[in-house]
Amino acid sequence: MQMSVESRQFEKVSAETPVLELRDITKTFPGVKALDGVSLELYPGQVTALIGENGAGKSTLVKTLTGIYQPDEGAIHVAGEPVVFATAQDASAAGITAIHQETVLFDELTVAENIFIGHAPRGRFGLIDWKIMRTRAAEILTRIGAALDPDTPLRDLGIASKHLVAIARALSVDARVVVMDEPTAALSHKEIEELYELVDRLKAEGRAILFISHKFDEVFRIADRYTVFRDGTHVGAGLMADVTESDLVKMMVGRDVNQIFPERAKAPGDEVLKVVGYAHPTEFEDITFTLRRGEILGFYGLVGAGRSEVMQALFGITKPSKGVTRIDGQIKVIRSPAEAVEAGIVYVPEDRGKQGAVIGLPIFQNVTLPSLSQTSRSGFLRLSEEFALARAYTERLDLRAAALDQDVGNLSGGNQQKVVIAKWLATKPRVIILDEPTKGIDIGSKAAVHAFMAELAAERLSVIMVSSEIPEVLGMSDRVIVMREGLIAAELEGDDLTPETLVRHAAGIGESA
Amino acid sequence: MSLLKSREALLGGAILVLLVLIASRFPGFVAPDNLVRVFTDTSPLLILALGQTVVILTRCIDLSVAANLALTGMVCAMLNAALPGLPVAVILVVAVALGAVMGMVNGLLVWTLSIPSIVVTLGTMTIYRGIIFLISNGAWVNAHEMSDAFTGFPRASILGLPVLAWFGILAAVGMMVMISRTPLGRAFYAVGGNPHAAVYTGISVGKTQFWAFTLSGALAGLCGYLWVARYAVAYVDIAGGFELEVVAACVIGGISIAGGAGTILGTILGALFLGIVKNALPVVDVSPFWQMAISGTAIIVAVTLNNRNSKGKGRIILRRAQDQASEGATV
């Protein structure tokens, strides 16, 4: 790869030859085939949009082409020459840079230091040459039209400016390929316009850009080409000029039903929970919905649509500035998770590692943690009752553990999740909120979680399932609420529940398209 | 779990070896009378370390315990000097309550303002010491100003043990029960082990830390009276720097500074280890300055062992290793 990465090699590349080409890349993780023979071509001076649902393999692809993952099969070509990126440094040396959703920058350093960290210009005695560093930083910032002082500490900048610094950093190593992973997710409309202008400038300089976005208006605004992934496979690629929004939506979601969901008799009962007019100054507004006994209510939306935030407000972790919660028609004020649990609402969060099990406590103590008032007499815990409670619920979930006083940290991920669910069931809840319940687990465990959810609903428990996986949302929910940018975009049930309607409402595409 | 057990066994073994070594040259050291004397002398350290343990379990630290002790001690001494007839029981209540209030101040600052505890208690440590100077004008309260009941109480013997030692034992037993048998004790571990999970479980992290500081403060207040009565003197600088010895006892006892791990038994052993070293050195004619070096070494050894134990907890991928792990867990 040494030869191919030298800059003179790039000069031979014309607009017709891809500067970067991935051929038949396959990447397997234990239990999951994240990428299955996918291909991607990036052309100099063009923006290629990479489109796909959550979990379609976009992030894995980005990690593969930036050298963080190594593909199991397939080849990467830079300017026609085969290369191997053994490390992230190799990819960076080949002129490939990625700007991530969460930019990796240092708040306490200045703009110039951030741009040149790791490759600062050196002067005599190998010391950093501040003068050259500042001048070059200022040059790059001017080139991308960023009105930033190289000496400003990064912590004083907003998110949009930080993105500009990240882009300047990419240019400081003379990146030929710039990967932008949802760069507009946290930006305001004006900042997005500025980003578009910047992308145009990068195009004019002959750089190839891979633009990852969920938003169709953006894709049509700036992309020249598209590539669509679905479930880790390549389903289509071509020129933007040749497709319509609805073509892209079809490619994204059109799938064979290869997952089987449990059959359920859908007979929701009385209303259990009603949320009226929840609002939060920055996260969501006008959130009103109901939940009935024995119902599975799906919450679909793009990442960052505000679904988890609403659930956290419902659970008393954050406070909505407005809104009323009714349980069985009675107004309940929920100011803390403890009050939520008491009111019969439990929340199994998305990040189970961080928010789920308490590593260091044995299994039975993890299970009884929210139910200690149940297992204690006059303020003292009864170990025998704790064991009994823990045994009842772990057995029900078929937990595989040698002993209940074993440290929960020694269990596998799937079994830890069972402990967390057992913990919540032990509180005998009426409403259980599952946030991305099958994220990052293998197909077999997914089926088990789905079967279990069906069982809960059959026992007349009400389930709210926040999920970004369309098949899961369609296969499990009685009713689906779609959120977009902090608002409820649609409430769908019955025949309205199709992959297309979900994607349209989530992405904000008009019905006419 | 077996690792945790072995850590305490290791420390217990170290204490035994230490006693055997000392006894081989000075058999008098292990005579029952002397052991009682050593335990009594170690009791204030033990009581403070028990309070510090719950604070450290919740991922905090309380540097103000020695200053709290000194301020409470001064208040008790001045109270006794002013009202010699006040019963000791009342003074005990005042000491515990005043200490608890000072702990609550720490706890409230940590809870409501989310200031790191090391900063809060560094500040209150200085403030509490400053208050002693303000109320006493820098003057000492000496033995002749204190009543006999006041100074005699910690030394009074019940069933062959001084009251001071009984307080150490009571605090240890009470703490063991509290930790293993009350929802609050469980909450200390949950908050330190995984604060995010604790929140979702309905446990308030800040409130739990508040109670940890209150407990630590109350025990420091108790020690304040016991200390001043035992040494029959109160002045601004008593127990200066003692907070570090308290933290050392916890760390040697295997309480993880990262929170959520460690046992009361460990803390008891850690305090006893330091107490024995401190009392044995003059006997074996070693300069007390060696005590610092020895406790420093013990801290580093203990922390190294703890780190070793917590390592290797990554994912078990090999089937062979998995089988071994599950076999180990069943045994």
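Even glycines carry a Cβ here, placed using N, Cα and C.
Please treat TrEMBL annotations as automatic predictions, because they have not gone through curation.
Feature list (source: TrEMBL):
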- B:49-71: transmembrane segment (TRANSMEM)
- B:83-102: transmembrane segment (TRANSMEM)
- B:108-135: transmembrane segment (TRANSMEM)
- B:156-179: transmembrane segment (TRANSMEM)
- B:210-234: transmembrane segment (TRANSMEM)
- B:246-277: transmembrane segment (TRANSMEM)
- B:289-306: transmembrane segment (TRANSMEM)
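The stretch from B:83-102, B:156-179, B:210-234, B:246-277 with the most CB pairs below 8 A to the transmembrane segment (B:49-71) is B:246-277.
The transmembrane segment (B:246-277) shares more Cβ pairs under 8 Å with B:156-179 than with any other stretch in the list B:83-102, B:108-135, B:156-179, B:210-234. Contact count against the transmembrane segment (B:156-179) (Cβ pairs under 8 Å) is highest for B:210-234, out of B:83-102, B:108-135, B:210-234. Long-range contacts of the transmembrane segment (B:83-102) within the same chain: residues 64, 68-69, 71-73, 75-76, 124, 128, 147, 149-150, 153, 214, 217-225, each at least 6 residues beyond the stretch ends and with a Cβ under 8 Å from a Cβ of the stretch.
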